[in-house]
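Taking it in order: structure first as structure tokens, then the write-up.
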Amino acid sequence: MAEYTLPDLDYDYSALEPHISGQINELHHSKHHAAYVAGANTALEKLEAAREAGDHSAIFLHEKNLAFHLGGHVNHSIWWKNLSPNGGDKPVGELAAAIDDQFGSFDKFRAQFTAAANGLQGSGWAVLGYDTLGQKLLTFQLYDQQANVPLGIIPLLQVDMWEHAFYLQYKNVKADYVTAFWNVVNWADVQDRFGKAVNQGKGLIFG
């Protein structure tokens, strides 16, 4: 059975400073993300054993645990690619045009995404996604690691609003963290995800 693995980063832990500290990135990647990977693999093993035993109550429990930990692994894998020491500025090309079409302007999109991040209660993520059914962009709040995700949505840009992502540096002032986040957004990665979502997402749910 294949196992999930912790991805290497494309940059050093300190490369996103001063916006996100190296200490946070090291703990975030080597401890928190690693824990989600380990949790997903453990849940997968227990799920396989429960299925072989025909233990349906255990199956449901381990499916729930797998959804949480695998959600954490997927979200963080996108997160690291969404960031770059050479990030910031604004998107260009087809993504920029789609943002203008859906939100009115980049500034209006940024305000909406920022509000989703700052207004999230508890732990979770703010997400810019592509709706493969409606063929449009949208923002939403993702609760914990896997809840409140609309069906048919492909995530393009995410900001981690769990406290482990910012508390060591920004304490309880998460609005400052979200402001700093915009300085390291890797728009080339977001553009690449958008292109794949548009071109490869057609017909995945409705033929």
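Any Cβ shown, glycine's included, is placed from N, Cα and C.
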According to Swiss-Prot, which candidate in H73, H76 joins H28, D160, H164 at the Mn(2+) site: H76
List the same-chain residues at least 6 positions away in sequence whose Cβ sits under 8 Å from the Cβ of H28 (Mn(2+) binding site), in sequence order, or say none. H76, D160, H164, A165
Quiz question: given the binding-site residues H76, H164, which has the greatest number of C-beta atoms lying within 10 angstroms of its own C-beta? H76
Around the Mn(2+) site formed by H28, H76, D160, H164, which additional residues qualify by having Cβ within 8 Å of the site's Cβ center? H29, H32, H33, W79, W162, A165
What is the number of other Cβ atoms found within 10 Å of the Cβ of D160 (Mn(2+) binding site)? 27
